[in-house]
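TrEMBL lists 7-294 with the feature domain 'Neutral/alkaline non-lysosomal ceramidase N-terminal'. TrEMBL lists H79, H188, E390, Y430 with the feature Zn(2+) binding site. Feature annotation from TrEMBL assigns domain 'Neutral/alkaline non-lysosomal ceramidase C-terminal' to 461-599.
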Amino acid sequence: GPEFTPAMGYANPQQKAAGIHTRLYSRAFIIDDGNRTVVFVTADIGMVSQRLRLEVLRALKEKYGNLYRQDNVVLSGTHTHCGLAGYFQYTLFMITSNGYIKSSIQPLVNGIVKSIDIAHSNKRPGRIYRNKGELDDSSINRSPHSYLNNPEDERNRYKWNTDKQVLVLKFTDLDGDGIGMISWFAVHAVSMNYTNRMVSSDNMGYASYLLEKDKNHGALPGQGSFVAGFSSSNLGDVTPNTRGPHCVNSGLPCDYLNSSCPVGGTKECKAFGPGEDMFDSTKIIGHSIYMKAKVSTCKPALGHSFAAGTTDGGGDLNFTQGAVEGDPFWDGIRDALLGPPSNQTKECHHPKPILFSTGEMNWPLPWHPQIVDVQIVTIGSVAVIAVPGEMTTMSGRRLRKAVKEELESENTFKDTEVVIAGLSNIYTHYITTYEEYQVQRYEGASTIYGPHTLTAYLHKYRSLARAIAQDRVSELPAGPEPPFFTKNLFNLMAAAAVDKKPDNSSFGDVLEQVYPVYRQVRRLRSQGATQDTTFVTVEVYDNRTETWEVVYTDASWETRFHWLKGSNQQSNATIEWHIPPTAAHGTYRIQHFGHYKQMKAIIILSKHAVTVERKTPF
């Protein structure tokens, strides 16, 4: 793939992938009761884009005909902010992630389809159990000021300003042996902050990693038969950084209303997790999660507070949250470059001052989607609402309540459990309540379809739930087809450069040899290039068989793989193995695998140019 692909989530162009902390996985679950089939996928990515969904559905149609379709496949993202970008077809997202990058989207499509293939070929009779619990100490509300704008009598019905509920579906075979589980919990996967340069599945991925390690004893990550999916929910205003926002320069809490600091503004205001550093915080939060296993809307537009970012990663410009008035300087630049928003859009979005009227911007392609998926699937008495964005705590509560009422109104469903699978099917930023929208913090400014966005969704999901309750799903109109753009997609990434090595040395030379004996951390540096199936193995020597056995790969929590492109097109790889207390005494070796890209040789033979490109593994 291209070098240094940007990460998706913080919209920070400097945050480009240069290594691997943990691998990203797609986990698929197929539920078939003989009458209906449902596919639920939770993938270690920031969110599912419309383009990704369309490409996956195309691939499934080619392979399975009409079996897995738009109406029975739910694709949900865990919302890690350290996965790859470049898989969007709308202009806004292409600009923030260096374009539409084929080498980003292809592995995502292939991985999701492959996970569905494996689930499809492993279908067997079984049982599904559901359970529910509460998880404390792992989430706080990052916009409490907005939450307080919701009606008092509504707030009084709930103990917390975030949802602490964990819902688990457990799948077993007929003998009662566990084959997998899905868990939903509302928290942002931002324990790894935007200074991180390694691909990482963050807290949700670590929870999956731990549970799968438990159940697939002795298997390498991604290799065992038990599949543990941790899925996002109504996490819009929920952060795992439980120590809250503090000013980095003074250590004092940030200003409550607009999350800024007296010196340095919003850039100095950062929320911190419970741990000593981001790795430790990810571990703590992931471990806690694992332990609990038609109202008119506006044309889309982003408000000024969108550019301020959040306490989990502030914006680079001088915007603050809670802005209900525009900024003449930035509005002037916008008007000159992109044209001012229409009066109709301005009135529709009030009190949001419009930074980008994306719904009125269509060059070179529309900046935001105009056609949005809404979907509900039922698994026994559990209804899963696929939400195409990030619902705040109260928005999610209103939606769950509305769907439960509709499902139980006909007496077809009793004791229904309604759960939100966030970041599903297409990404439309945030969905706040009407009241939270008025405050115009980051989440409200990013509610792109205006103040009545939630009301419109409630209306749509209610009608879906009513159709399910009345068994009239087949009568529902299909709705308009989303576009699949083929022209004007752009890629801002440069092609991967040639790999070179210093004179009198070879690719793969070890630059810094390990010590003969270690008690805690080992590091190895070598000259590197790009990937095969794993970049890294840690292997232990078995004296009995005189062979090396792989005990860790680059997908393991205990390894870290850093890749640094140096001067003169030479790159160095640093491999770290953080030796766990459980590691057995013995002789270990660390191996690095990859390819390097050679110079293209152009040979001219009687006016015919022949290009030869070799990629040689080492």
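Here the Cβ of each residue, glycine as well, is placed from N, Cα and C on the backbone.
Quantities reported herein were computed from a predicted structural model and do not represent experimental measurements.
Counting Cβ atoms from all protein chains shown, H188 (Zn(2+) binding site) has 27 others lying within 10 Å of its own Cβ. Under a cutoff of 8 A between CB atoms, and with a sequence separation of 6+ in the same chain, the neighbours of H79 (Zn(2+) binding site) are G9, G46, M47, H188, A189, M204, S232, L235, E390, G422, L423. Within 10 Å of the C-beta of E390 (Zn(2+) binding site) there are 29 other C-beta atoms, taking all protein chains into account. Highlighted in sequence order, S232, L235, G236, V238, G389, G422, L423 have their Cβ within 8 Å of the centre of the Cβ atoms of H79, H188, E390, Y430, the residues recorded for Zn(2+), and are not part of that set. Taking the Cβ of Y430 (Zn(2+) binding site) as reference, residues of its chain lying under 8 Å away and at least six apart in sequence are, in sequence order, G236, G389, E390, M391, T392, Y442, E443, G444, S446, T447, I448. Sorting each residue of the domain 'Neutral/alkaline non-lysosomal ceramidase C-terminal' (461-599) by its DSSP state yields 15 helix, 49 strand, 75 coil. Mean predicted confidence for the domain 'Neutral/alkaline non-lysosomal ceramidase C-terminal' (461-599): the pLDDT average there is 86.
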